[in-house]
Structures are given as structure tokens and as C-alpha cells.
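> The structure is given below, and queries will be raised subsequently.
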């Protein structure tokens, strides 16, 4: 294990917000990071930014005090996926994900690849059904059950493989907590504060609704990154969550 490893998998902040850092420009992404407090959120680096700027972007965010969710959705043969997950752990990310449809052998190999990292291993979660997909999209690829049924099936498989949780729609959260237990982490995209544009997400929910449903970490992008005052927007969302919890 290298000195790049930054935090243990429990993380060090209590905020449930993960901001999707979806920029095509590194300077713009870092400028955004400099405008928000790392105690208020974690940051998600996805395929576009990681392809453009690589591991150094993650290191730059770590240097600013942020915990990073590396959202690359690995889906390959077991050995290749395991090596990729181990590389993410070496980089020191807080969370990394794979596609549950890669199957039991792939997910088990990924989990075993993190054993040498002990308490410093990132959270390992699996993607169930993309929040942009509805029943028609599933039928197009030969899956003739509802998104909720498919998400539950894949969440059970993920739990059986010993992973930490799944990426899912907030609409499946209550059921998945019942099936997989309270310790099974639920990470949900498609979260939009009241009044925000839904964008390309079809199955959306507000932050307050997501927390009430049992979501552990909510991914929010443009409503925060495109805000004139992203730090205020973050604070407002956190305040609404605290108010809703009372």
C-alpha cells in the first residue's frame, strides 16, 4: 500500500452529499472545489474527467481536503476488475464502484483485491439500474422485470458478495434497506433540490425525501455546480436535511 492512501472507508465527514464534479475543464473543476468546504460534501469524479485528467485530478482534490468517490463503474473480467479496484485503493479514494451485472465472480474478486488495504480500503459499491433507465429501457436489453425488481435482484447479489452497498434510485431505498439491512450503504443519483431541472434523470427525488427513504449518500450535480453560490446552496441543502430530521 502506498502513501497515497488517504482515509479509512468510514470517511471523516458526516455530510451525505456527494457533488458530481462533471466538468470538461480541470481548472473549472478545481475552481469549484476552492469555493466549497470539504466538510460539507464529498466529490465524485466520473469517466469524462478521469479520462481527461487522470489520477492527478484526484490527488489535487485530496490536497484540498476532499474525499473522492471514483465513479468509473468497472465492468470487466474478474482479474481486470480486481486490479482496477486495487489501483483505485492505491490512489486513496473514499469510494469506488463496479457494475453488479458483472456477476458474482467479478464482484467477489474486486472485494478480495481490497483485503490488503484493511481499514484503509475504500467503500466498494455496485451499480444496479442506472437512474436514467425505465422499464422500456430494460425491455430493450432483454430484461422483462421492473427497474425496482432488477435493482433488488442485483442488490441481493451485491450483498451476497460482501460489498458495502449499491448505487440505486432513491425510490428503491426503503425496500433495499429491508432486504439487505441498515448497514448496507445506498448511494443515489437523481437527487434534485425542490425546483431544480430534472436533466436526463428520470427517477428523481428531493434530498429530504431521499434521507427519509433511507439513502446514505446522495449524488447532486448541476444544482450545486451551476449555482451562482455553490457553498450557500450546499449549506441550504444541509440545513433542510437537519430541519427534516427534527
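A Cβ is built for glycine as well, from the same backbone N, Cα and C atoms used for every other residue.
According to Swiss-Prot, the protein has these features:
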BINDING   22, 44, 71-80, 131, 192, 201, 221-222  substrate binding site
ACT_SITE  73  active site, proton donor
> For the C-alpha pair, I'd like the distance in angstrom between the residue listed as 'active site, proton donor' and residue 131 (substrate binding site), rounded off.
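Given the Cα positions, the residue listed as 'active site, proton donor' is 14 Å from residue 131 (substrate binding site).
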> Could you tell me which three-state DSSP class residue 78 (substrate binding site) falls into?
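Looking at the DSSP assignment, residue 78 (substrate binding site) belongs to a helix.
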> Using a Cβ-Cβ cut-off under 8 angstroms and a sequence gap of six or more, which residues of the chain neighbour residue 75 (substrate binding site)?
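Spatial neighbours, sequence-distant, of residue 75 (substrate binding site): 81, 98, 99, 101, 102, 106.
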> Which residues, sitting 6 or more apart from residue 78 (substrate binding site) on the same chain, put a CB under 8 Å from its CB?
105, 106, 108, 109, 110
> Near the residue listed as 'active site, proton donor', how many other Cβ atoms are within 10 Å of its Cβ?
16
